[in-house]
Amino acid sequence: MKALSKLKAEKGIWLVDAPKPEMGHNDLLIKIKKTAICGTDMHIYNWDEWSQKTIPVPMVVGHEYVGEVVDIGQEVRGFKIGDRVSGEGHITCGHCRNCRAGRTHLCRNTSGVGVNREGSFAEYLVIPAFNAFKIPDDISDDLASIFDPFGNAVHTALSFDLVGEDVLITGAGPIGIMAAAVCRHVGARHVVITDVNEYRLELARKMGATRAVNVAQENLKDVMKELGMTEGFDVGLEMSGVPSAFHAMLDTMNHGGKIAMLGIPGGEMAIDWSKVIFKGLVIKGIYGREMFETWYKMASLIQSGLDISPIITHHYKIDDFQKGFDAMGSGQSGKVILSWD
């Protein structure tokens, strides 16, 4: 089968002929229809420090996808040939304390599709049936293929009550932009998103952000004044991993504010903890998606009218995968879809 593999311990990714993955009794075999390129895939492509420590070579990568079930393990129930599915990319152990308590997204023995095991940038993918999610008929393949990052956005955005609240999102990558759309859809008042990439800030405006602020050109406190905000943001969603962005968030949060952190700093990050203490802030780390509550919420949000389609900006056939990675690497894109049909 065709597959995109991290074939060598250097920058790049290669289209190869790989063996079709073997199934177990509890697995599904999925024929991939569309995949999307993630920031993680770009880290692997660029072969940065994290990738060098994490990714075994060779490895078929990718973890954002939609496909069709073409074979079913003998112990699997609840799926049939022809079901359209995406799936949770975190494969969990099922026997640690968090798994047994139903907090599977916090499994301490997680294995990642396309990171620690064969991924979805291939004509076929095998995953445990437990990890598969059936896609409703009224949700397109394009949208289903980005459920993984959309889930990061939904999990982060819905960590706290948003109705009537003022929300600050730092980082206008695709996940931050989708989070802005979610916040507006569920009833936030002002949703302000910050970045220095004007292309992505314009995408955020299309997705419904109240204000998309280029912090290289505008002062965040001036924007707050313009919006009539006198006490600070009620909820902060940190999506950038950039220390200066988080510092700005701490400066502009209201007393009693709540912060959800998804962005991963490049290293240790010092902050003024007195602001956290004296403002009485709550800070919550976000990892992955809640299994499978986040997945149900994703489908329901789209079915209730949330439109995240503007975040998809580029489509390529798999033979043109290099153009897709170039588009993602340029910073002048939203989500990039690769078609395997």
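A Cβ is built for glycine as well, from the same backbone N, Cα and C atoms used for every other residue.
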Determine which of Ile175, Ile271, Ile277, Ile302 appears in Swiss-Prot for the same NAD(+) site as Asp195, Arg200, Leu262, Gly263, Ile264, Ile286, Tyr287.
Ile175
For the Zn(2+) 2 site that Swiss-Prot assigns to Cys93, Cys96, Cys99, which of Cys38, Cys107 is also named?
Cys107
Shortest C-alpha distance to Cys93 (Zn(2+) 2 binding site) - which of the binding-site residues Ile175, Arg200, Ile286:
Ile286
Give me the CA-CA distance between His63 (Zn(2+) 1 binding site) and Ile286 (NAD(+) binding site), in Å, as a whole number.
18
Does Gly263 (NAD(+) binding site) have same-chain partners at least 6 apart in sequence with Cβ under 8 Å from its own Cβ, and which are they?
Thr170, Gly171, Glu238, Met239, Ser240, Gly241, Val242, Ala245, Phe246
When the number of other CB atoms within 10 A of each residue's CB is tallied over all shown chains, which of the binding-site residues Cys96, Ile264 has the maximum?
Cys96
When the Cα-Cα distance from Cys99 (Zn(2+) 2 binding site) is computed for each of the recorded positions Thr40, His43, Ile286, which gives the smallest value?
Ile286
